[in-house]
Amino acid sequence: MARARSDSPLLFEIVERPDFSFETKAMAEGLWPVAGMDEAGRGPLAGPVVAAAVVLDPANIPDGLDDSKRLSHLQREALFQKILGSALAVSMASVSAEGIDGSNILKASLEAMRRALVGLSVQPKLALADGRDVPPGLPCEGRALIKGDQRSQSIAAASIVAKVMRDRMMCGCGSHHAHYGFELHMGYATVRHRTAIEVHGPVARLHRASFAPFRLGGTEVPDEESFSSLDWGDEPPSRLRAE
């Protein structure tokens, strides 16, 4: 069986960058304005899930928009300022750890996106949501895009805004709860965070009581598998037009 040489292009992943094609297609269908929606903070053990909705100006799209996870902290901060200064509308919303515990992380994420969309100063005719699910109760048509933050510039912009805002919120939590180092790990299950939980216990209304290990009882730190076991709850409310 033939093998690709070490310098073969077959060994290099082609990295796709988001573009404005989904938005342009929607405009041709008479669906404008178009908003992109995304969230940050589904996986952490602590803090809110934060969502953003962004309506970009087709004539003034910032260069470098991408999935927030593929950008450095400095890149996200710079693009955050460019998005705020150039977009037609930007809105942010969150659901607290208590709100997450009262439903589940998927429902809370979708609700945060819905709130962000409703808060826009410009009423969109179409909302593009990252992932497989369209948030219920939108005031306009919604379409889900799998890996949307890597395909749509509007969703990529929303992912950056949501990530930057959530990181800033968690840094604020770090100043109030210095033992936990929230400003370093943003609530994710790092060794430092898990050790702090073992030593100091969870922080009421900040740690997600419905997540492992808290729902297992006690404050002993379990293994990584337990920490990554999330309660996704019921079947998503809708999976309309996931592309």
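Heads up, residue numbers simply count up from 1 along the chain you see.
Placement of Cβ uses the backbone N, Cα and C atoms for every residue, glycine included.
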### Query
TrEMBL records Asp38, Glu39 as divalent metal cation-binding residues. Which of Asp130, Asp133, Asp167 is assigned to the same site?
Asp130
### Query
Counting Cβ atoms within 10 Å across all protein chains shown, which of the binding-site residues Asp38, Glu39, Asp130 comes out on top?
Asp38
### Task
Using the centroid of the Cβ atoms of Asp38, Glu39, Asp130 as reference, list every other same-chain residue with Cβ within 8 Å of it (recorded divalent metal cation site), in sequence order.
Met37, Ala40, Ala51, Ala52, Ser109, Met113, Ala129, Gly131, Gly148, Asp149, Ile155, Ala158, Ser159, Ala162
